Amino acid sequence: MTARRTLIAGNWKMNGLSADAKALAGGLAEKLKAAGEVNFEMLVCPPAIMIPVVAAAISGSTMQLGGQDNHMNEKGAHTGDTSAAMLKDAGCGYAIVGHSERRTDHGESDEVVKAKAAAAQANGLVAVVCIGETEAQRDAGKTLDVNGSQIAGSVPDGSTSANTVIAYEPVWAIGTGRTPTSAEVQDVHAFIRAELAKKIGQAEADKTRILYGGSMNPKNAKELLALADVDGGLIGGASLKVDDFWAVAQSA
Ligand code: PEP
């Protein structure tokens, strides 16, 4: 099996002011520096306006920086939006695209998510493409269908393991304290990898990191991160406290 380096990614969503961002990012960077060699990579994705503060706070550490979204276009009349080039320019290496909150709050379709992912990749960012079923879809037995069609529709053709990470985030598990069983998570991740292989080839799919997201925390992280096709986590709530996020990373 191909070795995939575990990625522990924090999605701060719309939380905190600049002092909080500085303290959180700085605290994590200190822990990473003090730890020396570790068997995981860490990424923080603050609100766009906090990116410069966080970039300064993590400087000199191996902490990586990402945006929570980017526009599909390079520039122009898109009030309030951030381009992938702007994220790159501000020091980001990653951009989350297609988070379920954006799919819901902003009506983003697979087609839009795919265009955003392509823009991220074209600007030298790794696109963290989020997919996942709602509770109603799960109850209707459609979990695999939904995730399969989101992979087909949201991942740009020609994506590679170097410019793409997939985050499987069951919508009903986000911020609820509920998670699928470990067996369910593993089954969906293996299915996602197989679907990805249809799109980008088996060799690249085998190297692509597939993160689990949805109420991952210091208590359940070890079990989830040990699953064969789980290559890290995309963490919301538990990424907002230094000790919690560090404890999740330490579970890798
Ligand atoms: C998320 O929204 O990406 C997420 C996984 O949130 P939480 O960890 O709070 O469920």
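Every residue, even glycine, has its Cβ placed from backbone N, Cα and C.
Please treat TrEMBL annotations as automatic predictions, because they have not gone through curation.
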Candidates Ser149, Ser154, Ser215, the one TrEMBL lists with Asn11, Trp12, Lys13, Gly175, Gly236, Gly237 as binding substrate: Ser215
Among Asn11, Trp12, Lys13, Gly175, Ser215, Gly236, Gly237, the record's substrate binders - longest CA distance, Å: 14
Euclidean distance between Cα atoms of His99 (active site, electrophile) and Gly175 (substrate binding site), Å: 13
Binding-site residues (Asn11, Ser215), the one with most neighbouring Cβ atoms at 10 Å: Asn11
Sparsest Cβ surroundings (other CB atoms within 10 Å) among the recorded positions Lys13, His99: Lys13
